[in-house]
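K.L.:
Residues or ranges marked as disulfide bond in Swiss-Prot (evidence: sequence analysis): 12-65, 16-41, 25-46, 29-48. Residues annotated as domain 'LCN-type CS-alpha/beta' in Swiss-Prot, with sequence analysis given as evidence: 1-66. If you look up Swiss-Prot, you'll see 66 marked as lysine amide, on the strength of similarity to another entry.
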């Protein structure tokens, strides 16, 4: 599974400025999911790959980014 990392409180994606390989996104994906996850900056938000099927990613059901 893959998808944008999401803040559970706001419903917003984690933003990033440096597109492509991005240490911040890799770190956040691994902290949020697990060590084998990978991340990069895509469309100015952190995109995570190699996630488990039950991983919660953006968009959250019934929660819109404010």
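Glycine too: its Cβ is placed from the backbone N, Cα and C atoms.
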K.L.:
Find, for the listed disulfide-bonded residues 25, 41, 65, the residue with the lowest Cβ contact count at a 10 Å cut-off, counting only other Cβ atoms.
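P.N.:
So among 25, 41, 65, the disulfide-bonded residues given, the one with the fewest Cβ atoms within 10 Å is 65.
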K.L.:
Using C-alpha positions only, work out which of the disulfide-bonded residues 12, 29, 41, 48 is nearest to the residue listed as 'lysine amide'.
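P.N.:
Sorting the disulfide-bonded residues by distance from the residue listed as 'lysine amide', the top entry is 12.
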K.L.:
In whole Å, how far does the CA atom of residue 65 (disulfide bond) lie from that of residue 46 (disulfide bond)?
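P.N.:
Computed Cα spacing between residue 65 (disulfide bond) and residue 46 (disulfide bond) is 15 Å.
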K.L.:
Based on Cα distances to residue 29 (disulfide bond), point out the closest of the disulfide-bonded residues 12, 16, 46.
P.N.:
46
K.L.:
Considering every residue in the domain 'LCN-type CS-alpha/beta' (1-66), what is the mean pLDDT value?
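P.N.:
On average, pLDDT over the domain 'LCN-type CS-alpha/beta' (1-66) sits at 94.
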K.L.:
Please report how many Å separate the Cα atom of residue 46 (disulfide bond) from that of residue 12 (disulfide bond), as a whole number.
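P.N.:
So the alpha carbons of residue 46 (disulfide bond) and residue 12 (disulfide bond) sit roughly 11 Å from each other.
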K.L.:
Got a sec? Which of these disulfide-bonded residues, 16, 46, has the most Cβ atoms within 10 Å?
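P.N.:
Top count of Cβ atoms within 10 Å goes to 46.
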K.L.:
Could you find out if DSSP has residue 16 (disulfide bond) as helix, strand or coil?
P.N.:
coil
K.L.:
Taking only the Cα atoms, work out how far residue 16 (disulfide bond) lies from residue 25 (disulfide bond), in Å, as a whole number.
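P.N.:
Residue 16 (disulfide bond) to residue 25 (disulfide bond), Cα-Cα distance: 8 Å.
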